[in-house]
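*Asks:* Sending over a structure as structure tokens; questions will come in a sec.
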Amino acid sequence: MDSLHVSSTSVLVDVVEAVETATSLVVDTAEAVATEQATPTAVISNALARSAYAAHTSLSYLAWAFGLWFLRLIGWVCYGIPTYVLGLLGRTINISLQFSSLLLILIALVTVVVAVVRYKYLTVYSRLPQEQPRQEPEIDMYDESDNEDEKTGFANYFDEFLSAVKIFGYLERPVFHELTRHMQTWKLSADEMVPLDDEQGFSVVVEGTVQVFAKQSSFVQNPTSVPDSRKEDSIMFNGERYTLLSEIKNGAPLTSLFNILSLFTDDLQLHKNFDSAVNSPMTSASDVPNMSLSSDGSDDLQKGEPQFGEPRLSEKPAAKLSVTVRAATDSTIAIIPAAAFRRITKKFPQATAHIVQVILTRFQRVTFQTGHHYFGLTPEIFQTEVNLNSHARNELPGYLREGAVKKLNQVYDASQMGGRPKKYTVTLNKKNKGKGSRRQRFSVQLNNQGHLNSQSRMVSLDSLEAVGDHMNPGDLLTNVPLSRQGRPVFELSSVKHKASIQNLSFSGNDDENEDTALRTALVEAIFKVLGIDRDSIQSSIMAVKTMSNTASPMFTGATTGGSSGSLGEELRSRRTGQDSLGASHFGVGLPSERSQNSFYARSETSTSSVDEDSLMAAPFDTIRNDVAQYMDVVLFKKDSLLIKQDDPTPGLYYLIDGVLEVGYTDHHKIYHDLYTVQPGGVGGYIGSILGHRSFADLRARTDVYAGFLPRAAIERMSDKYPMVHLTMAKSLTKVLSRLLLHLDFAMEWVQVRAGQKIYKEGQEADAIYIVLNGRVRSVAETKGDSGIVGGESGDAKDGKSHRKNLTSIGEYGKGESVGELEVLTLTRRPSTLVAIRDAELAKIPRALFESLALHYPSITFEISRIVASRVRTLMEDSAPIPRRMHTFDMAAHHDSYLTIAVVPISQDVDVSEFGRRLYNGMQAVGREACHLNHASVLNHMGRHAFNPLGKLKLSGFLDDIEDRYQTVLYVADTPPGSSWTHTCISQADCVLLVADARSEPDIGEYERVLVKMRTTARTEMVLIHPERYVPPGLTSAWLKPRVWVHTHHHVQMDLPRHEADVLASIRKMKRTGTLANLKNKVQTIQEEFRSMYRPKANIYSTSSANKDDFNRLARILSGQAIGLVLGGGGARGISHIGIIKALEDSGIPIDFVGGTSIGSFIGGLYAKEYDLVPIYGRAKKFSGRVSSLWRMALDLTYPATSYTTGHEFNRGIWKAFGDSRIEDFWLRYFTNTTNITHSRMEIHTSGYAWRYIRASMSLAGLLPPLTDNGSMLLDGGYVDNLPVSEMKAQGASVVFAVDVGSIDDTTPMNYGDSLSGAWVMWNRWNPFGRHPNVPNLAEIQARLAYVSSVGALEKAKHTPGVIYMRPPIDDFATLDFAKFLDIYRVGNKYGHKFLTELREDGKFPAIPGMENVKTKHKRTIARRNSI
């Protein structure tokens, strides 16, 4: 150190000397100049020389000094410091401290270390990154129709007319021109009245509003009984009083569906006996030998005799209504003359048949279906069949009837030789002779249960050979397909696919001729019932010939592609096309492209000529012979069910011998007898003609011998021979009851587009609406928050209006009604009704409802029951205290969806495979589903399906598909901008966005199309994972930028990741990466490439059917979800694990999970893992932490708010859930908490799981409330300890509710009007006291806290669809977590015992997907003219 100091001093001395030298040089130069002793040049030269020397000397010294200083510094570091350290270590230091001082130092040190560990390392859970809350989906109504009423002139006139003629379906250009060529218009002034005659034609209101009145004498039996309140709705016209039926506005037709059918079929003639019988006003029930109507069906069944007394239905068939119209305002009516419809029938018979089928379909949807399901007018509907059979006195000749009965009995007796049960249905089928045979076998499997729990089976025989000695006993039963299903299934079976059947035949040509005669007689008998005979067809032919020189294929049969053929060839070509359909492996049979497009091809050439001889040749024999090939003769034993209610009608039955009874089961599960069918009558007429599900059961009261004509044969016959179809439609118009005519005339068929408002909030309630097709949503504007994100006001500079705060009141699908309450109470609309997608509705005007209520009180009762049921549901669903959900509250309307669009996020997702698996899931849960993709639609409709002309045909086809199936899957397997993708989205009630969870959560091209289309349908996201594991925060990254997604699902499915995806990820990482994480990038890239070429085992895959993700998704989408609700109760909730194990052992699937307190913890683990093993381990670890006395003791704090800080409890929960969000749980999950800041219950479905589960478990006093956005949250059990109502609102149909709460002490108290504390203490400690212990302050406060929860629990026990379970855990206390195994075993034992008893008692609910559900047979889509 001393040497270093000396060297530094010498350096400084040298520097100072150099500076002094330079200074003296400057001074000398200045003096020389001042004294002028030298010249200036000399002075300057001398100065420069001296300055150069001085500078050189200074630099040398500086360089030398720096080098010396650096060398000495190295020496100090290498030698000086070690020497000093060694010297310091060699010294002896003595420190003297007292023990108390040392102890204080150690305590301080430990305190610092503990504080650092406690508040920095053990509180990671409290420092999780705060996420901005996701903007919840809002309800948007993209309606641009507010200013439509302002349109005037020709544009509005033409639009309204086109809107009205949509009722005809698709019209080709020649047909449209023919209809509108002679169109007329009427101008009506306000209050002007004119009679509306059917002969005038088809009328449309194109401007203004018109009121329709019906003659009161034909509508109300006693005109004087009209109350004064209805006088204002009635008028006097030509001396008659008329009652208001409806009010028609612009764009709606004035002509009813019935009148439209009459316009097309007026020139057709029916069987003369048909007209005379139907038009006879004296026809009564007593005159009808083949029909009977009983007022008390149960008595008739007991007596076993048909009744012919006075019927309770109107016997008089339909007659033309006397209707007049009055213009409420200045109005314009457009009329298409009746003559135009007659010309259409002659020139375009195939197009006419198509239009008539469309009208019949809408007549069935609007009038029949509404009358059956809504008004309860099933008896009036079946009065149609009563009127039809009233003239059917054409029984078979005795020898034919006796021969058929004898042969069927022989076959039946032969079948009994095998020792089989005695309940059979035997069918005699004609023998197929070689390849030239034109007959195919239609087998109708009727596998039903009779009144005596007997099964009805059908034996199909392909020949009519006599039963001889060559037949061995049991041959028949060992070779025929005997089905044991419990419900009838209609199946078209081709010859090449039929099962091997032992044939019984009647040998000899005489027997075959007799069989042919029998079938021919049966066909003629059915034709006569339908009004068809040789004379009526011949007269129609002559009428056409005399009225038109243009030949028509109306009677000779339409050909396909220029070739002619029989009905059998048509059926064979149709079946062959079905077998070749590419979508057949999906389990859906679609008609072939040829069979579908043949109609359109024929329609375009319907004006082609046929030679005159074909017109003169009567085709009756051809039609009869073709139909006879498909006529079966069947035997049904007593109590067999021929047609089941709500099942497709298999065909038309003509009764040869025996008695058939018709009855139906109403909404209250009460069976009603309607009438009986005697020999000579027909059954299944309405379902066969209209092609819809049956409204009633058709059962054999005795052994029944009948002729059976399959519905498919009727449909193909109607297509091949349009005249037959038109004649059947005319016969239907002749037998309708008067009440159905009034319904048809007053009810309006309304078609709305997606986003269109049907009515607005605050408008006067003038009608009830029933959804026929599509989906609508009821939306109300609520007061309060404006809904503007960021707090900006609605008065923006861009002039946009303030966004309304809308709330979804409900969604209504097919068959549901809306608006009854306002119509009955004469109040204004409380909400706005908007169409989610293109929809068809039936509008029931208030005037019609009031008029019907006067004459038919049963209608009033039905509507009153509906309204009362809805009011009761609203009252039951109303929460006792306000509640708030942290998500978009549309789950309450999560019913069964009819149409579901499967749309990928991007083209990299294999949506076809997903759609196929979802279709299989729908079938596994018992849904009748149809899978449509681009290929199947093109194969069915042809390559022009998506052209502007083909879209109308496609729309009709899709409507027909949606009417036949419970669920229709639209798979968007085409590019985003394609027509099929747009069709899938526009047709959907629910859109499933399918995404690969491994890809980047960017907005895909399909989503842009979805947003651009502005669809209002519910949108749900499906994240596909290769393993049953979701990384924390992944779901939130997908949902946050997608405000249009309402909810999400996690599904496990293998999706191969292509090399292009990996390279895209590499390029993205190159753009955004830095050198710091290069190693991680390389490792990630290596792992990506390995995953492409290396098979990877699924760590959480399961083969259990009850855990199949696609079955779960199918149950949720079809409204059949299974929910599990776990209640709170402290340590007693460990029994939840045992019950979950019992549920899994029983094969019960779980789709939704909800819980309170400890139930939220166990339920959250199950929803996250969806596996019992990790739940058991994590729950046991948590119980060990909570039961640790040391942990609880260290967590104690001053009891200002609670006894503990909550830290140990928080860590126990966080150890189980980590930083997972509720959205990351595999199953949909919710938990409830009590918000003591705003005094309400809150439902949590998103956010950090541990926080809201901890809040739901926060027992007041033991744990402090958890703060969330400024609110304090406590245990949800204070409000609802078993949140069953919320689970039902989420969409669960069956809920397993497990209650582990403490039992309420309801011991009666009687201690007088005053109470002494000393007496309470004495009574509590006195072992001989007779009074019950009086609760202390803490117990009273606890009872007050659980008051609302007790009421909610009692309500949950009696909620329909809830299976209440309470294990025997009353011996365990709330904090007995140390008894984990004991409590678990109690729950497991109780769960197995409870479920076993539930099965034995027959109370086990039907759970779809739990086992192999017996689904209906796959039905093919029979092509209809309505397509």
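Glycine residues also receive a Cβ, built from the backbone N, Cα and C atoms like all the rest.
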*Asks:* With Swiss-Prot as the source, which of 576-581, 780-785, 1056-1061, 1128-1133 is set down as motif 'GXGXXG'?
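*Replies:* Based on what Swiss-Prot states, motif 'GXGXXG' spans 1128-1133.
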*Asks:* Quick test of your reading of Swiss-Prot: among 430-450, 787-807, where does it put region 'Disordered'?
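*Replies:* From Swiss-Prot, the annotated region 'Disordered' range turns out to be 787-807.
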*Asks:* Ranked by the number of other Cβ atoms within 10 Å of their own Cβ, which of the binding-site residues MET631, ASP647, GLY663, PRO679, PHE695 ranks first?
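*Replies:* Within the set of binding-site residues, the most crowded position is MET631.
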*Asks:* Using DSSP reduced to three states, classify GLY663 (nucleoside 3',5'-cyclic phosphate 1 binding site) as helix, strand or coil.
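*Replies:* It is in a strand.
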*Asks:* Look up ASP647 (nucleoside 3',5'-cyclic phosphate 1 binding site) in the DSSP assignment and report helix, strand or coil.
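*Replies:* The residue in question, ASP647 (nucleoside 3',5'-cyclic phosphate 1 binding site), is coil (DSSP, three-state).
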*Asks:* With DSSP assignments reduced to helix, strand and coil, which class does ARG711 (nucleoside 3',5'-cyclic phosphate 1 binding site) get?
*Replies:* helix
*Asks:* Give the residue counts of the motif 'GXSXG' (1155-1159) per reduced DSSP state, in the order helix, strand, coil.
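*Replies:* Secondary-structure breakdown of the motif 'GXSXG' (1155-1159): 2 helix, 1 strand, 2 coil.
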*Asks:* Can you count the other CB atoms that lie within 10 A of the CB of ARG711 (nucleoside 3',5'-cyclic phosphate 1 binding site)?
*Replies:* 21
*Asks:* For ASP1275 (active site, proton acceptor) and GLY663 (nucleoside 3',5'-cyclic phosphate 1 binding site), what Cα-Cα distance in Å is obtained after rounding to a whole number?
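*Replies:* A Cα-Cα distance of 54 Å.
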*Asks:* DSSP on PHE695 (nucleoside 3',5'-cyclic phosphate 1 binding site), three-state: which is it?
*Replies:* coil
*Asks:* Look up ASP1275 (active site, proton acceptor) in the DSSP assignment and report helix, strand or coil.
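*Replies:* Looking at the DSSP assignment, ASP1275 (active site, proton acceptor) belongs to a strand.
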*Asks:* Counting across all protein chains present, how many other Cβ atoms fall within 10 Å of the Cβ of ASP1275 (active site, proton acceptor)?
*Replies:* 27
